[in-house]
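K.L.:
Just lifted these from Swiss-Prot, have a look:
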- TYR80: active site, proton donor/acceptor (ACT_SITE)
- SER176: 2,3-didehydroalanine (Ser) (MOD_RES)
- ASN231, GLN319, ARG325, ASN355, LYS427, GLU455, ASN458: (E)-cinnamate binding site (BINDING)
Amino acid sequence: MGFAVESRSHVKDILGLINTFNEVKKITVDGTTPITVAHVAALARRHDVKVALEAEQCRARVETCSSWVQRKAEDGADIYGVTTGFGACSSRRTNQLSELQESLIRCLLAGVFTKGCASSVDELPATATRSAMLLRLNSFTYGCSGIRWEVMEALEKLLNSNVSPKVPLRGSVSASGDLIPLAYIAGLLIGKPSVVARIGDDVEVPAPEALSRVGLRPFKLQAKEGLALVNGTSFATALASTVMYDANVLLLLVETLCGMFCEVIFGREEFAHPLIHKVKPHPGQIESAELLEWLLRSSPFQDLSREYYSIDKLKKPKQDRYALRSSPQWLAPLVQTIRDATTTVETEVNSANDNPIIDHANDRALHGANFQGSAVGFYMDYVRIAVAGLGKLLFAQFTELMIEYYSNGLPGNLSLGPDLSVDYGLKGLDIAMAAYSSELQYLANPVTTHVHSAEQHNQDINSLALISARKTEEALDILKLMIASHLTAMCQAVDLRQLEEALVKVVENVVSTLADECGLPNDTKARLLYVAKAVPVYTYLESPCDPTLPLLLGLEQSCFGSILALHKKDGIETDTLVDRLAEFEKRLSDRLENEMTAVRVLYEKKGHKTADNNDALVRIQGSRFLPFYRFVREELDTGVMSARREQTPQEDVQKVFDAIADGRITVPLLHCLQGFLGQPNGCANGVESFQSVWNKSA
């Protein structure tokens, strides 16, 4: 088989986006330097990022185009939007060049702010408006829109002064461009008093005052300039850009957390073996499997998992359930969709997307439809479906964590106890996750299938790209809630796994010590130790010596087996063994509960900080997911959840959600993946890399 592995491409691309977002200080706008979704997101969310309009690269072509339009307009040339009416009214003619442009802006300032209605959101976020201003500016640099250089410089100054107009949330069909939202940017430039501008995060003033504060005067629009300002896909593409930045980061986050889920659920890492994916070579599947194989390589939790199953091979099914085992196959189309959507949106970012396109070199205006945002609209629908797929995967994994039958020894609801009759752990999150998942699946329904003819049947097909981008942004917010809940639960599971290991050692030590003190035969001691290791600790933690719970039942059964075994041997008295076993059980009741309670209470108070002198409590220290655990527990100051703790699940999940929403989560993500891109074909400790095994399986 000669398939080629497309190695680490989407991981590399996403890490590149994150680094660009974090490091960019200046965005060059010249029509030749590509602008990525990370650049757009950085400008939207970081006030320290500036825009640099490079005159040397593009001013000449911009001014040549503008001069051509003015000359043709004054000569009475028949050019759409210059000497004609707009849209379905393009059969009208006029020589009132400036008045025509002013009239266009006036009629398009038709959005409505719905303050006082049920929804508290009635305007597009300032982040989207700033991004749209950047993309409109970039579109003009191609020199085929007919706008003056001075207008472009004004946009640059407004952006660098953090001034932008307030824009109503609704009203765009995204063909012919985002007319109504973009009219508010034009309204700011011409100083319309009805347009309100934001200065920074807090100040709101009328457009004329905003211009005055940054040393600008209202523009009197010349031929085509009003049309150039409004007739493009800039708002839809701007919002789609920040959406795609987030979608990429969340995709990589979900992929990575699949590995953490495998650790805490005691899954088998076999699902990521290279040969499985070599014979079904979807690029996204191969890349996801390679990432997960690397994350789980030499995992200390995998060592613990193998030890767990070696005791009793019938403890769980031979194969893990689909939420883990088929995760690379499930992720494959989601990876590809988000990758393709990113490319499509970035193509739109770096385009001239208005009409007509001025071909001044050939002395003509080309009437087309680059304002049609269907590429963005359709891909926003596709991305929303992909986001729903990510959410469904998280929901399935979360459900496995909550159910003791599926979680391989973890307590139901991830409850620490000790009294499970009054400790319901993360049950509330379990319910919330179902609600999140249901709403997310609903949002996966397409927007672009709901097109209506607009503007006197001139815009008889339109993209609805901005609406679709808004809904995708909404879907991503829900996915962030699901990731926050899932990560919180997995940190709880890590604590429970580490505590489980520590408690099993306590039980083994107590059983071994008492067996020696009571003079039990070696074979009897071995039987008892097998039970101590084999019985899941959380099935009896509530009351270790309760005769109705699995530990004591198992020990008693083992003792009975020892008595029977001795009885079958001639010449050996069983009475002495019975007496010794009775003494063993009495001492066990006195000692075991106290020692287990001491360990549990200490861990409940200090969590992983109790790890100084206990190997069992440092299992996470050797995991690649330590950065996530440490970030959640230390940086965000959360703790293991128990009935004794006053903290509610909401308080901890809120901290994690906020860190995802504001981007801080990328810090542990980058630390977690540090070294992945630079892995050689061979690996230390005799473990081969994914690529090495791939090459050998030809």
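Cβ atoms are placed via backbone N, Cα and C, with glycine included.
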K.L.:
What residues, ordered by sequence, lie under 8 A Cβ-to-Cβ from ASN355 ((E)-cinnamate binding site) and sit at least six positions away in the same chain?
P.N.:
TYR80, GLY81, SER176, ASN231, HIS367, GLY368, ALA369, ASN370, PHE371
K.L.:
For the binding-site residues listed here, ARG325, LYS427, which shows the highest count of neighbouring CB atoms within 10 A?
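P.N.:
That would be ARG325, with the highest Cβ count within 10 Å.
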K.L.:
Minimum Cβ neighbour count within 10 Å among the recorded positions SER176, ASN231, GLN319: which residue?
P.N.:
GLN319
K.L.:
May I ask which residues of the same chain, at least 6 positions away in sequence, place their Cβ under 8 angstroms from the Cβ of GLU455 ((E)-cinnamate binding site)?
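P.N.:
GLU455 ((E)-cinnamate binding site) has long-range Cβ partners GLY87, ALA88, SER176.
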